[in-house]
Amino acid sequence: MAGPDYPAIRPLRRSPRTAAVASAIGSLALVALTLVTVVFLLDARRLPIASAWLIAVLTVAPLPLLPARPLWAWRVMFVGQLLGTFNRQATETWPWSPSQVIVIIVVLFVVAARVDRAVLAWIGLFSLIPVWMYVAPADQVGISLLFVVLLIVGDLVRRNVHTRRALAEQAELSELEKARRAVLEERTRIAREMHDVVAHHMSMIAVQAETAPYRLDSVPGPVRDEFAAIADSARAALTDMRRLLGVLRSESEDLRTTPQPDLADLPDLVASARRAGMAVVSTTDVPTTPPAPVGLAAYRIVQEGLANAARHAAGAAVRVNLRAHGGQLAVRVSNTADGVAAGPDRAGGHGLTGMRERAVALGGTFTAGATDDGGYAVEATLPYADDEEK
């Protein structure tokens, strides 16, 4: 109880005029309570005027100390509690003046709502000493119980306030965690989008550069070397890009989304693959425009399927099939067995993993593997309903 006091109660935000009026009213109330106490002590207790004023000041002084210094408020109240029993009448239930009784009740309750239980136990013990010293034996138990109830109720209020604050802080932390998780998920999505877009174009560059000497007539040796260097640089850039995907999944500055492709962009994608020297045949049987997530997933799966074919089966015939049937959009990218790997396999598994994640996220399925004729195919089914099935 002799240690540092507890943090002050934060005052309510009020206008200067309101604060001035409240301060004036509070000051007048304290003065009035002091005068009432002095009159009681002079008339009922027959105390000297100096003693009456001293006890009256000690009676009222704890009230302005309560918000900022609750322990000091109790200390002053305890001194007044001891001195306020002078010249008491044996017939009085309370050995203190009525105003002092009110102050004692208020101080005990407020202090109990502000201090820890260990401190509160000592405060309760010391506050009961004047009761057992000066209160009539018949009233000691009742007044003691009143003090104990005040302390218990005040402690319950303190615990309730602390619990609410803790819940509010936890709720705020939960919202922050939810926002952080949403940002991380968005970064993961962007990382996957970057892989799908950049990997496709870099693979096309590598394939075009590596197959150019075979597609073009009379290519000089130095030019062949340049094409080979371009292919190597494209693959190195692709490898570095994959290494940097983890950076996008970590915490960094805010990221922005960009418009995403859909099935309407598939012809351009196929045309780009053909310009890279791939023999691609594409068929699409989708009567209606699918929802944006389905269209994006289908586009990315086809894009990665073409990139895989370019990496692992250069020169093979590639077939792209999209068909809406039975409430699902079936996507298939396959290549024949007569292709050769355009270079070392440095994909690291990102492509197939990304395609599988896209299909599963929409409630669909994904498979990838060798075909009966020795080729390779990736197949995905995505939830989709055309007009005839609605």
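Keep in mind that glycine also has a Cβ here, set from the backbone N, Cα and C atoms.
Annotation source TrEMBL lists transmembrane segment at 20-42, 54-74, 94-112, 119-135, 141-157. The coiled coil annotation in TrEMBL covers 166-193. Positions annotated as domain 'Histidine kinase/HSP90-like ATPase' by TrEMBL: 297-384.
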Top Cβ-contact partner of the transmembrane segment (94-112) among 20-42, 119-135, 141-157 (pairs under 8 Å): 141-157
Non-local residues, at least 6 beyond the ends, that sit with Cβ under 8 Å of the transmembrane segment (20-42): 14, 49, 51-53, 55-57, 59-60, 63-64, 97-100
Within the domain 'Histidine kinase/HSP90-like ATPase' (297-384), residues counted as helix, strand or coil by DSSP: 28 helix, 33 strand, 27 coil
Residue numbers, six or more beyond the limits of the transmembrane segment (141-157), whose CB comes under 8 Å of its CB atoms: 93-94, 105, 108-113, 117, 120, 123-124, 127-128, 131-132, 135
